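Engineer: Heads up, here are the entries from TrEMBL:
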- 7-38: transmembrane segment (TRANSMEM)
- 95-117: transmembrane segment (TRANSMEM)
- 123-141: transmembrane segment (TRANSMEM)
- 162-184: transmembrane segment (TRANSMEM)
- 190-214: transmembrane segment (TRANSMEM)
- 266-287: transmembrane segment (TRANSMEM)
- 299-317: transmembrane segment (TRANSMEM)
- 329-352: transmembrane segment (TRANSMEM)
- 468-491: transmembrane segment (TRANSMEM)
Amino acid sequence: MRPGGPWAWLLGLPTAVVYGSLALFVSVLHNVFLLYYVDTFVSVYKIDKAAFWVGETVFLLWNSLNDPLFGWLSDRRFLSSQPRSGAGLSSRAVVLARVQALGWHGPLLAVSFLAFWVPWAPAGLQFLLCLCLYDGFLTLVDLHHHALLADLALSAHDRTHLNFYCSLFSAAGSLSVFASYAFWNKEDFSSFRAFCLALATGSGLGFVGATRLLRRQVEAAGREPGCPAMAVNGGLCEEELLVGGKEAGSITLGQYLRQLARHRNFLWFVGMDLVQVFHCHFNSNFFPLFLEHLLSDHISLSTGSFLLGISYVAPHLNNLYFLPLCRRWGVYAVVRGLFLLKLGLSLLMLLAGPDHPGLLCLFIASNRVFTEGTCKLLTLVVTDLVDEDLVLNHRTQAASALLFGMVALVTKPGQTFAPLLGTWLLCFYTGHDLFQQPPLAPLGSAQPWPEPPAPPPARAPTLRQGCFYLLVLVPITCAVLQLLAWAQFTLHGRRLHMVKAQRQNLSRAQTLDVKMV
């Protein structure tokens with residue numbers, strides 16, 4: 001019986017809304033983190049350059065390795081074909097385990113977020129520990145949240161429905177970027193600390209409430225015939241679908257990696273996604289640079305700040321339009337269309353040249369919005385790869401978190417390549433070394449770019465021209481590479497329908513087998 005009281009109506013919320021709300025509690029923290037953590041340690045805590053680079057180097061290694069590590073620790077039991085002994089994990093129990101993990105790791109993420117804004121150790125040590133703690137809990141939350149997308153729903157329609165609410169709540173969470181400008185003051189940090197405390201408190205309590213509600217809904221769905229609350233196509237209702245099969249033995253990490261190496265669509269996808277991650281972070285890293293050297297003479301500082309803030313919100317709003325298209329035409333076709341759009345807009349901008357401020361402003365904004373939006377859609381493709389991995393390797397339970405972790409392992413180097421390759425190309429073409437110049441203001445500062453010293457007349461056009469070619473040639477190159485890789489990806493159309501049908505049949509067969517035993 002459902003409990004009464006003023007909060008009883010929450011149990012009637014759709015599962016997709018509760019699942020999507022978890023994205024809100026991550027987004028309100030992570031966008032503020034991205035904007036301000038560097039400026040806080042450099043300008044407020046006065047970290048020295050050596051300690052900063054040591055921290056970033058360790059963070060780079062930890063950031064690359066923790067996804068597959070946590071995925072393996074979470075899902076390695078699902079790769080094993082253990083002898084049945086009358087007890088095991090049901091599909092519903094797997095979902096409940098992920099929800100419970102989110103209930104613990106979400107509040108810990110909020111606590112680790114708070115640790116940035118109060119000095120409690122030498123700046124270098126605090127920088128290192130805060131980055132590693134925050135990224136560790138963020139990875140755990142992201143892995144289990146993404147894995148639930150594959151575990152809660154099987155059909156493309158249901159998964160896009162879940163992802164729709166994720167985009168909606170992520171857009172709402174991104175509004176914290178605008179609110180943060182009212183509190184950010186490097187001279188008086190107390191108001192910003194209070195703002196971050198309010199964000200962390202709301203996020204932590206939100207995780208606790210949403211995971212408890214989701215757990216109750218999953219438990220209730222398992223007791224109701226037909227599972228009306230969960231559109232999972234035979235997943236959570238299969239209380240007797242045990243993890244474990246007829247074959248004894250377990251799969252080692254080496255065997256799993258060899259299976260992935262034979263998974264053709266996985267290899268083509270991670271190659272394409274590596275380029276996508278590179279392009280997303282390239283846009284983020286060089287957004288202020290492009291504004292400064294291409295548009296600072298034509299737009300005001302407030303307009304630049306607005307463009308910066310809206311670039312965090314618009315990709316999520318944009319996906320509210322693209323997700324219905326995915327339900328109608330399929331994710332593969334929509335992603336291919338976005339690659340073609342990126343290529344077409346970049347070629348148009350190249351032909352138009354750098355002397356059209358309005359067109360430049362539109363291109364810089366749309367390039368970032370569409371690129372970030374594509375990254376959000378690719379989560380749906382990974383869930384399809386989870387299904388194909390289960391079918392190809394005859395697994396008894398989808399190793400969702402582990403596959404998401406392996407995708408991250410291969411694609412996260414794109415985050416590092418983006419600033420390195422971008423600064424090298426700019427220096428190679430123009431002779432302008434960003435590390436030898438007064439640095440751009442960090443993204444979270446009240447002024448998105450400083451007033452640069454007047455360059456020599458002969459050098460200014462070269463630097464502006466270099467920024468323009470970097471702006472348009474990188475998207476063109478990325479789009480061409482991605483279209484070539486995407487053409488080799490076959491998990492769409494008839495093959496995707498076949499994989500989903502086989503997964504459903506496998507679930508039914510295993511359920512019947514367990515019932516007969």
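Any Cβ shown, glycine's included, is placed from N, Cα and C.
As the structure is a computational prediction, the values presented were derived from the model and not from experiment.
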Engineer: At a threshold of under 8 Å on Cβ distances, which of 190-214, 266-287, 468-491 pairs most often with the transmembrane segment (162-184)?
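Structural biologist: Per the Cβ under 8 Å count, 190-214.
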Engineer: By Cβ distance under 8 Å, which residues at least 6 away from the ends of the transmembrane segment (190-214) in the same chain are close to it?
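Structural biologist: That would be 10-11, 13, 15, 18-19, 21-22, 24-26, 28-29, 32, 36, 99-100, 102-103, 106-107, 109-111, 113-114, 116-118, 176, 179-180, 183-184.
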Engineer: Report the listed stretch (95-117, 123-141, 266-287, 468-491) having the maximum count of Cβ pairs within less than 8 Å of the transmembrane segment (329-352).
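Structural biologist: Ranking 95-117, 123-141, 266-287, 468-491 by Cβ pairs under 8 Å to the transmembrane segment (329-352) puts 468-491 first.
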Engineer: Within the same chain, where does the transmembrane segment (7-38) have neighbours whose Cβ lies under 8 angstroms from its own Cβ atoms, ignoring anything closer than 6 residues to its ends? I mean 6 or more beyond.
Structural biologist: 102, 106, 109-110, 113, 116, 130-131, 134, 138, 141-142, 145, 148-149, 152, 161-162, 164-170, 172-174, 176-177, 180, 184, 192, 196, 199-200, 202-204, 206-207, 210-211, 213-214, 216-217, 220-221, 229-230, 312, 442-444
Engineer: The transmembrane segment (95-117): which same-chain residues, six or more beyond its ends, come within Cβ distance under 8 Å?
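Structural biologist: Beyond its ends, the transmembrane segment (95-117) has Cβ neighbours at 22, 25-26, 29, 33, 37, 40, 74, 89, 126, 129-130, 133-134, 136-138, 140-141, 144-145, 147-148, 151-152, 189, 192-193, 196-197, 199-201, 203-204, 206-208, 211-212, 214-215, 218-219, 236, 401.
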